Amino acid sequence: MQFLTSLAAAASLVSLASARISGIALPQTVKAGDNINAIVVTEGYIQSVQDIAIAFGVAPAASAYPGTLSTLLGSFYLGPEQSNVQNNITEPITIPESLVPGEYVIAASLFSLYGASSSPTVSNYNVTVNVGNETSTTYVRSQFYVGNSNSTVCLGGYTRKI
């Protein structure tokens with residue numbers, strides 16, 4: 001009987017599962033002028049998160065700087081319908097026709113409210129992509145980690161010492 005009670009309690013927790021946005025994914029190679037799907041990656045989380053809006057930008061990899069968007073590609077309202085969802089969100093963006101072949105950083109900034117107290121947060125994600133002759137079907141995902149004694153920060157495919 002106690003097993004059934006525990007099972008029922010666990011099942012009720014699963015139904016209350018929350019989610020948050022944990023990164024972005026974009027085609028590894030993009031063609032200038034193409035409309036592409038930017039994937040906003042989600043994951044399960046321990047508390048509720050209200051995602052308000054996300055904006056995307058692009059910069060040449062050589063001049064990209066963490067936490068900036070550079071040339072704006074688009075911004076999207078997320079709101080209640082796209083908050084706390086455990087399936088990825090797709091947003092359309094257009095790669096500027098003016099981009100010459102080479103390596104670029106596509107960045108995103110996300111404004112969210114965390115938990116019962118609605119604590120505001122801005123999260124930044126980025127992915128290094130190549131501008132080439134055609135848009136690939138292979139996607140690359142942002143990464144975030146803070147290094148140890150080297151104080152190395154890796155943000156979405158490019159690394160800078162701090």
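Glycine is no exception: its Cβ is also placed from the backbone N, Cα and C atoms.
The N-linked glycosylation site feature in Swiss-Prot is assigned to Asn88 (among others); the stated evidence is sequence analysis. Sequence-distant contacts of Asn88 (N-linked glycosylation site), defined as residues of its own chain at least six apart whose C-beta falls under 8 angstroms from its C-beta, comprise Ala25, Ile39, Val40, Val41, Thr42.
There are 30 other CB atoms within 10 A of the CB of Asn126 (N-linked glycosylation site), with all protein chains counted. What Swiss-Prot records for Asn126 (among others) is N-linked glycosylation site.
Counting every protein chain shown, 8 other Cβ atoms lie within 10 Å of the Cβ of Asn133 (N-linked glycosylation site). Residues or ranges marked as N-linked glycosylation site by Swiss-Prot on the basis of sequence analysis: Asn133 (among others).
Summarising the annotation, Swiss-Prot assigns N-linked glycosylation site to Asn150 (among others) and lists sequence analysis as the type of evidence.
A Cβ distance under 8 Å defines the sequence-distant neighbours of the region 'BAK1/SERK3-binding' (103-132), meaning residues of its chain 6+ beyond its ends; these are 20-21, 23-32, 38, 40, 47-62, 64, 66-70, 73, 83, 95, 140-142, 144, 155-158. Taken from Swiss-Prot, the feature region 'BAK1/SERK3-binding' covers 103-132, and the record attributes it to experimental evidence.
The annotation signal peptide is assigned in Swiss-Prot to 1-19 on the grounds of sequence analysis.
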Asn126 (N-linked glycosylation site) versus Asn133 (N-linked glycosylation site) - Cα distance in angstrom: 22
Grab the pLDDT values for the region 'BAK1/SERK3-binding' (103-132) and give me their mean, rounded. 96
